Amino acid sequence: MQKKSLSDIAIQGKRVLMRVDFNVPLDSNKKITDDKRIIESLPSIKKVLENGGRLILMSHLGRPKGKVNADYSLAPVATRLAELLDCPVTMAKECIGTETMQQVLALQDGEVILLENLRFHPEEEANDPDFARELASLGEVYVNDAFGTAHRAHASTEGITHYVQTAVAGFLIERELLYLGKALQEPERPFVAILGGSKISGKIDVLENLFKKVDTVLIGGAMVFTFFKAQGYEIGNSLVEESKIELALKILDEAKNKGIKLLLPVDVIVAPEISATADCHSEMITAIPEEMIGVDIGPLTAEIYRNEILSARTVLWNGPMGVFEIDNFAAGTMAVAQAMAEATAEGATTIIGGGDSAAAVAKAGLANEMTHISTGGGASLEFLEGKELPGIAALND
């Protein structure tokens with residue numbers, strides 16, 4: 001999927017309206033607890049400022065439900081951005097209106113203003129055309145660099161593109177299209193997908209789409225117990241989606257018919273309860289005790305999965321292998337992260353599909369050892385499901 005990007009347009013002296021994802025976590029004192037998203041948007045921001053553009057940034061933060069709410073002001077972000085850029089960042093009181101327009105028109109080349117939270121207006125999420133038109137009037141060119149909201153047709157991501165001639169991708173979205181897009185369209189083979197998480201229902205569309213592309217699928221997370229139940233194994237008190245047992249059998253059949261190697265764990269870590277203090281040990285999947293809960297893949301499985309990962313040229317990972325937030329139940333997820341890092345070092349393309357997997361890789365301290373970590377949660381998932389993302393479809397080809 002080729003889209004025009006920030007590198008393809010003239011910026012000098014132009015008002016550049018950029019949608020970024022500054023939806024960062026704040027503590028009770030309105031201090032930013034994780035500025036990763038701000039840092040990720042810096043390459044696009046610096047490109048505009050260094051090339052003499054006049055930058056207007058817009059974002060949402062949290063869920064203020066269409067009302068002005070000071071708890072969700074982007075002011076702390078403006079402060080942090082000014083520190084990171086080492087230059088002043090004007091904070092607008094609003095994202096539309098006469099005063100905002102005057103501030104925008106007063107910008108000089110290489111200056112930047114951050115508009116107030118878009119979601120203070122219900123029209124943003126409703127993709128209201130008048131609101132979109134008013135936003136569009138602030139800039140001469142539009143750049144979308146917010147992959148995390150690209151799966152939503154909102155005024156600032158989709159509606160706005162109807163009122164601008166130039167609508168291009170920022171560097172973050174360009175990277176997502178490059179890595180996620182290439183993996184889905186022309187992966188180097190063998191292509192191994194690792195899918196985890198608690199529910200088959202959450203991953204069924206991803207599985208269906210990946211079955212057209214992959215050579216091998218490794219399954220982990222609590223969704224394995226629905227497969228085991230379907231195969232007639234006892235699973236103790238492990239999480240199971242009773243309504244998805246038929247579906248699990250259908251998936252196993254489909255993999256077989258398509259010649260896809262679909263691997264399930266051979267052993268799992270079990271515990272009497274999901275708590276940080278619970279004792280845990282490994283059991284073969286044929287011998288899960290009645291009162292126990294499966295919480296992670298076992299060491300034998302971790303080794304099998306590691307070998308599969310190391311034999312691949314493209315590896316895509318979405319969803320943890322177990323309850324990795326609890327250290328005692330994190331070994332399987334950490335082993336996969338480690339194997340991915342080793343595969344990267346050996347020249348494979350390794351892609352983390354956002355969300356929990358990204359958190360797991362960060363917890364393992366291996367975030368810099370992957371080819372690409374997607375910045376979108378829901379957006380990455382929908383992309384992997386083969387769905388068109390409105391915020392990306394709307395950009396210039």
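Yeah, the Cβs are placed from backbone N, Cα and C, and that goes for glycine too.
If you look up Swiss-Prot, you'll see Asp21, Phe22, Asn23, Arg37, His60, Leu61, Gly62, Arg63, Arg119, Arg152 marked as substrate binding site. If you draw a 10 Å sphere around the CB of Arg119 (substrate binding site), it holds 24 other CB atoms from the protein chains shown. Following the DSSP three-state reduction, the secondary structure of Arg119 (substrate binding site) is helix.
Of all the Cβ atoms in the protein chains shown, 23 others lie within 10 Å of the Cβ of Lys203 (ATP binding site). Mapped onto three states, the DSSP output places Lys203 (ATP binding site) in helix. Under the heading ATP binding site, Swiss-Prot lists Lys203, Gly294, Glu325, Gly354, Gly355, Asp356, Ser357, citing sequence analysis as support.
The shortest Cα-Cα distance from Asn23 (substrate binding site) to any of the binding-site residues (Lys203, Gly294, Asp356, Ser357) is found for Asp356. Annotated pair His60 (substrate binding site) and Asp356 (ATP binding site), C-alpha to C-alpha distance, rounded: 22 Å. Neighbour counts of Cβ atoms within 10 Å were compared across the binding-site residues Gly62, Gly294; the minimum falls on Gly62.
Neighbour counts of Cβ atoms within 10 Å were taken for the binding-site residues Asp21, Glu325, Asp356; the minimum is at Glu325. Burial estimate for the binding-site residues (Asn23, Ser357): highest at Ser357, by number of other CB atoms within 10 Å. Cα-Cα distance from Gly294 (ATP binding site) to Gly62 (substrate binding site): 34 Å (rounded to the nearest whole number).
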